[in-house]
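Colleague: Pasting a structure below so you can have a look.
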Amino acid sequence: MAKIIGISGGSGSGKTTVVSKISEFIPEFVLISQDNYYKSVGDYEHEFSKVNFDHPDAFDNNLFYEHLKNLKKNSPIDMPLYDFINHKRQLKTVLVVPTPVVIVEGIMIFVEERVRNLIDLKIYIDTPNDIRFIRRLRRDISKRGRTVESVIDQYLNTTRWGYYRFIEPTKEYADLIIPEGGHNDKALYVLSTFLKSLSKEGLDFT
C-alpha cells in the first residue's frame, strides 16, 4: 500500500513550499491538491457571491475520499482539475498513477475522520494570519483573476471565519506542526532528517 503524507494549514500558510522541501528527500511521489476537488459554482442553487469556498461542503468530499483510498491501494485515478478563473471543474482530467508515496495538500484535508484515517503522516503549517492574507491576496490577484476588493471581502466574510471554525481546530490531529511554514529552517531540517530516516527504512510511518 502507498504511504500518504498530508499537509494542511490555512490558505497562504506555505503548504506548497513545504511540499517542495519534501521533494528534495522523496524523489518519487504524486501530489494531490484538494483544491481540484472544489465543486463547480454551477452545482449551487445560489449565485457565486454567496458561495462559501471556506466550508467543508465546498468540496466534493466523496470523490476526494475515494481517490485517496484508491491511491493508497495502488490504483490509478482520474484527478479533476479546477478552473479558478471560471470557478468550475474542467472537462479534462489527469491520470494519476500511484507511487510508493502520495502527498496530499489542502486546507481541510484533516476535517473528515475517514480521510484522516487514510493519511499516514499529518503535517500542519501554522502561519500568522497577516502573512497568510498577504500571500493569498497576491496569489488570487495574479493567478486567479481576482480584484483586491473581492479578495478582502471574501476574507472578512468567509475565509477568516472558516479558518477558525474548521481549519485551525484540526491542528490537534497533526503529527507535526510547523510554525511559519516554508520559512522555518529549523523545523524543515527536522522534517527532512525524519524523512531521510524513513526513506532508508523503507518509508514505514508506523
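Every residue gets a Cβ built from N, Cα and C, even glycine.
Okay, so Swiss-Prot annotates it like this:
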- GLY9, GLY10, SER11, GLY12, SER13, GLY14, LYS15, THR16: ATP binding site (BINDING)
Colleague: Beyond GLY9, GLY10, SER11, GLY12, SER13, GLY14, LYS15, THR16, what residues of that chain have CB atoms within 8 A of the centre of the ATP site's CB atoms?
Modeller: ILE107, ILE125, THR127, ARG132, ARG135, GLY181
Colleague: Sort out the sequence-distant neighbours of SER11 (ATP binding site) for me: same chain, 6+ apart, CB within less than 8 Å of its CB, listed by position.
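Modeller: Non-local contacts for SER11 (ATP binding site): ASP54, ILE107, ARG132, ARG136, THR159, TYR163.
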Colleague: For SER13 (ATP binding site), write down the residues of its own chain that are at least 6 apart in sequence and whose Cβ falls under 8 Å from its Cβ; none is a fine answer.
Modeller: ILE125, ASP126, THR127, ARG132, GLY181
Colleague: Around the Cβ of GLY14 (ATP binding site), how many other Cβ atoms lie within 10 Å? Please give the count over every shown protein chain.
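Modeller: Result for GLY14 (ATP binding site): 24 other Cβ atoms within 10 Å.
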Colleague: Output the one of GLY10, GLY12 that, of all these binding-site residues, has the highest number of other Cβ atoms within 10 Å of its Cβ.
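Modeller: The most densely surrounded of these binding-site residues is GLY10.
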